[in-house]
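J.: Relevant sequence annotations retrieved from TrEMBL are reproduced here:
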{"type": "TRANSMEM", "residues": "6-26", "note": "transmembrane segment"}
{"type": "DOMAIN", "residues": "22-277", "note": "domain 'Rhodopsin'"}
{"type": "TRANSMEM", "residues": "38-59", "note": "transmembrane segment"}
{"type": "TRANSMEM", "residues": "97-114", "note": "transmembrane segment"}
{"type": "TRANSMEM", "residues": "126-158", "note": "transmembrane segment"}
{"type": "TRANSMEM", "residues": "178-200", "note": "transmembrane segment"}
{"type": "TRANSMEM", "residues": "212-232", "note": "transmembrane segment"}
{"type": "TRANSMEM", "residues": "252-274", "note": "transmembrane segment"}
Amino acid sequence: SPGATLAAGIGFPIACVIVVAARFLTRRFLRSEILIDDWLTIPALAFTTGMGICLIIGVTRKGLGYPTPQPLDPKDTLTFVAPETVITRKVEYSIELLQFPALTCTKLSLLLFYRRIFCTPWRRTLNAIFSIMIVICILWGFGFFFSTTFICGAHFSAFWTTVRDLRTHCPNLLTEQAWLACSDFVIDAIIFLIPIPLILRLQMSFGRKVAVLVIFLFAVFTVAASITRMVIFLRAIQNLKKKYASTGYDNLIITAGLYFTNIETSLSLIVVCLPSL
C-alpha cells in the first residue's frame, strides 16, 4: 500500500542513521580505532537513504503503491505510456542501481568485521575463505551495477517508456533480474551462516555464546527479506514471460519488489552494526 511503502521509505533510513551513529559513538566511547569495516557503513548509509528517498518520490507521485494506469483501448497496451508508469520505472531503475553499492559495502563491512575478530595469522584457511568471499562480493557488486546500468544498451529511456521499447531494447532484463535475486540470496545466506560455527568454538560461557549468537541471528530477518524479494521477482518474471496482458497489477508488483529491496538493504546495514554496539 502507499502508506506502508512511504513508512518504509522514511522509517528504515532513520533507523539506519541511528544505528550507524551509535556504532561510531560506541567506538569513540571505547577509544577504539575506527577501521575500514566501520567506514564502509557510511557509503552504505548514503545509498540506503537514497533508496528511501526514491520510495518517497514514487509514492508521492503515485508511481508506487497504486494500480497501473490503463489505456482507453486495450490494444494500445504495448505503446501506452502514463506519467505514473514513467515514475514507477524511473524509481525502479534508480533503486536497482543504488542497491548494489549499498549491499556491497554492507557485505564487505561484515566480512571485514568477521576477519578482524575471528582470524589470526595461523588460521590460513579461514583467512582464505574470507578473502574469497570479499572478492566475490566486489565482483558481484560491480558486475550487476554495470549490467543493470546498460541493461537496455545505450537506450536508457527504453526502461521507462513503452512496453514495446522495453521488450525491444532490454531483452535480457528478466534473466538478469532472476540471477540478481538468486545470487543475492545465496551470498547473504553464506555470509550470515559463516560466524555460527566460529562463535560456538569461542572460549566463553554458554550464556555469552547464546547472547552473541542472538545478535548475529538478527540476520535471519535480512535473509528472509532477501528470500521474499527473490520469490516476488521470480513470480513476476514468470508472469512477464507469458503473453503480456496488462492487468493493472504491474506497478503493485514492482512496488512490492522495491519495498522488500529497501527492507533487505536497511536490515543488512542494521545487522552489520549490531555486533559493534
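The backbone N, Cα and C atoms fix where each Cβ goes, glycine too.
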J.: Same chain only, please: residues at least 6 beyond the ends of the transmembrane segment (252-274) with a C-beta under 8 Å from a C-beta of the stretch. Say none if there are none.
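T.: Contacts of the transmembrane segment (252-274) (Cβ under 8 Å, skipping residues fewer than 6 from its ends): 4-5, 8-9, 12-13, 15-16, 19-20, 22-23, 41, 44-45, 47-48, 51-52, 54-55, 58, 64-68, 88, 91-92, 95-96, 99, 102-103, 106-107, 109-110, 113, 184, 188, 192, 215, 218-219, 221-222, 225-226, 228-229, 232-233, 236, 239.
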J.: Express the predicted model's confidence over the domain 'Rhodopsin' (22-277) as a mean pLDDT, rounded to an integer.
T.: 81
